[in-house]
Amino acid sequence: MLQLLLAVFIGGGTGSVARWMLSMRFNPLHQAIPLGTLAANLLGAFIIGMGFAWFSRMTNIDPVWKVLITTGFCGGLTTFSTFSAEVVFLLQEGRFGWAMLNVLVNLLGSFAMTALAFWIFSASTAN
């Protein structure tokens, strides 16, 4: 269990630093679209897709590596990667309605929670 915790810790830290570096490098290039964040999300989705595909075939891989790369690195780089993988799994299972609902709930829910947080913060600091 300690090895798994350390794997998440190391992978998460590394992914977070990678995301920060991408943001510092690419976000200033375009005012309306944070290109570094987009790159982190797309890269994380690609890595987790490759990771899950690879780990499903390489069943003898130590679980520490799986957790380091997927939960740790991709989780630190972006949580969008996990969401993307879950939608792809639903699509592969032929559960198209659930996949689309998952997309709507995750995206709209995330936007709504962000807006709610901004509203709560603004309301609490208005006076």
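Every residue gets a Cβ built from N, Cα and C, even glycine.
Here is what Swiss-Prot records for this protein:
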type	residues	note
BINDING	G75, T78	Na(+) binding site
TRANSMEM	4-24	transmembrane segment
TRANSMEM	35-55	transmembrane segment
TRANSMEM	71-91	transmembrane segment
TRANSMEM	103-123	transmembrane segment
Close in space but at least six residues away in sequence, with Cβ under 8 Å from that of G75 (Na(+) binding site), the same-chain residues are V8, G11, G12, G15, S81, T82
Reduced to three states, what secondary structure does DSSP give T78 (Na(+) binding site)? coil
Using a Cβ cut-off of under 8 Å, list the residues of the same chain at least 6 residues beyond the transmembrane segment (103-123) that approach it. 83, 87
If you skip the near sequence neighbours and keep only those at least six away, which residues in the chain come within under 8 angstroms of T78 (Na(+) binding site), Cβ to Cβ? G15, R19, A40, N41, L43, G44, A45
